[in-house]
C-alpha cells in the first residue's frame, strides 16, 4: 500500500476494484495533492487523538439542559429516549466509519465528508449538499462562539467595573484577536492537546453540577419533588417533542470523516475505538447531570439546571455550596471561552449576575469555544485547498502569508457578524435543526444501505433494511419538527432583535 500526498491510501491494483460491485481490477487514479488535505487534515493521529476530537465536537454545555428534557418525558420515557438517541447516533457514526473503511480498502481513502457523499451517492449534488450544510454549521459555530465568549467577558467586566465604558463589541474585538492567533494552529492534529483539555473540563463541570444537584436534592430548602407531567394533552405533546429535539441536538457532530482523516493510515478499525472512548465520556457527562438534576427538582427544573441551583434573589437560600457553584460556572465558561483562565476572586455574584452567566452557558453545544477550533479546521481546509500550494512547505512564505491573511479575515468576518447580530443564538437553532440530523443520521444510513447492505431489485426487504429506513423516516420527521419550532420561535422573538446592540437579546 502506498500513500498519496493527500493522505489517501492506494492499494496495489490487483487487490482492489474501481467501484462498488465492479470486476475491473484497476485502481481509480488518486486525486492530485492539495494543501487542505496535506496541511490541515494531516494523517498523523492515533485512535485516542480521534477520540479526543470526537468528544470535543460532541460534548458541550448544552448537556445542562438534559434534566429539562427529562421533565417533558418523565423518568422512564426520558431515560429511554436519551439511551435510544445515544445508541442511534453511535450506530450511525459507526456506519460512516465502516463506509470510510470500505472505500479505503478499495483504494479510495476519503478524508472529507463531501467527497465521501459524492462517491457513494454518485452525484455532485450530494457533495454540494454536504458542503452547504457543513459551511452553515461551521460559520454558525464560529460566530456563536465569538458572541458567547464576548458576552461572558462582558459579564465579568460589568461585575468588576459596574460603571465601565466598554461595550459588547469591544469584547468581541478582543475575542476575535485572540482567536485569530489561535487559528494559526496549522492542523486538526495540532489541536489534540486542546481537545484533551476540553474533555477534562467537561468531565469536571459535569461532576461538580451533579454533586451540586445531589446537595440541592438533600437540602432542607429543596423544592417538593414532583415528577408528574402536564394535565393538558396538547401541552404534554408539545413538551415531549421539545424534549426529544433537545436530546437529538446534544449528540450532533457532522464532521466524523474529517476527524477520521487525522488518523495515521491504515485507519480501518481505529475510529470504532475512538467512538468507544467518546461515548464512554458521553455516558458520564450526559447521564449524571440529567438524572441528578431531574431527581433534585422534578418538573420544576429549569431549562438550564444551573439556574435551578441558583437562589431566586440575592437573599434567597443557597441549595448547594456557593464555592461549588462558582467552580462549576468557571469550568463552563472555560469551555465556552478557551482564551484565558477566568478566576472570580472574592466576589459573590448576585442573583441577576448568576442568571446572566447561566443563560449564556445554556446556548447550544455547538457554541463551545474549543469545539469552535475543531469545527473551524474544516473551514480552513476548504480555504487552503484553493489558496495554498501543497508542493511547497507548510511554513513557506508562499503558504504562510495567505494562511495568516485568510484565517484572520475569516475570524474578522465572523466577529463582524457577531457584533451585528447579538441575537445569533436564535438563528443557530434553525441551522442545528436542519444541519445535524441529515449529516449525523440520514446520510450515514443511506450510504450504508447503498454500499454495505444493498437489496437486489425484485427481492423482499430484510427486517434490518426496514429498521434502517424507519430510522431515516423518524429522524427526518424530528428534523422538520425542530426546524418548524425554531423558525416559529425566531419569528415570535423578531421584534426584540436589534442590530449592534450591547448585549445578547
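Glycine is no exception: its Cβ is also placed from the backbone N, Cα and C atoms.
These features come from TrEMBL:
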- 44-337: domain 'Amino acid transporter transmembrane' (DOMAIN)
- 73-96: transmembrane segment (TRANSMEM)
- 128-156: transmembrane segment (TRANSMEM)
- 168-184: transmembrane segment (TRANSMEM)
- 196-219: transmembrane segment (TRANSMEM)
- 239-256: transmembrane segment (TRANSMEM)
- 276-297: transmembrane segment (TRANSMEM)
- 323-344: transmembrane segment (TRANSMEM)
- 372-484: domain 'Amino acid transporter transmembrane' (DOMAIN)
- 404-421: transmembrane segment (TRANSMEM)
- 427-454: transmembrane segment (TRANSMEM)
- 466-487: transmembrane segment (TRANSMEM)
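Looking at which of 73-96, 276-297, 404-421 has the most CB pairs under 8 Å to the transmembrane segment (239-256), the answer is the stretch 73-96. Ranked by number of Cβ pairs under 8 Å to the transmembrane segment (128-156), the listed stretches 168-184, 196-219, 276-297, 404-421, 466-487 are led by 168-184.
Ranked by the number of CB pairs under 8 Å to the transmembrane segment (168-184), the listed stretches 73-96, 196-219, 276-297, 404-421, 466-487 are led by 404-421.
Helix, strand and coil content of the domain 'Amino acid transporter transmembrane' (372-484), in residues and according to DSSP, is 90 helix, 0 strand, 23 coil.
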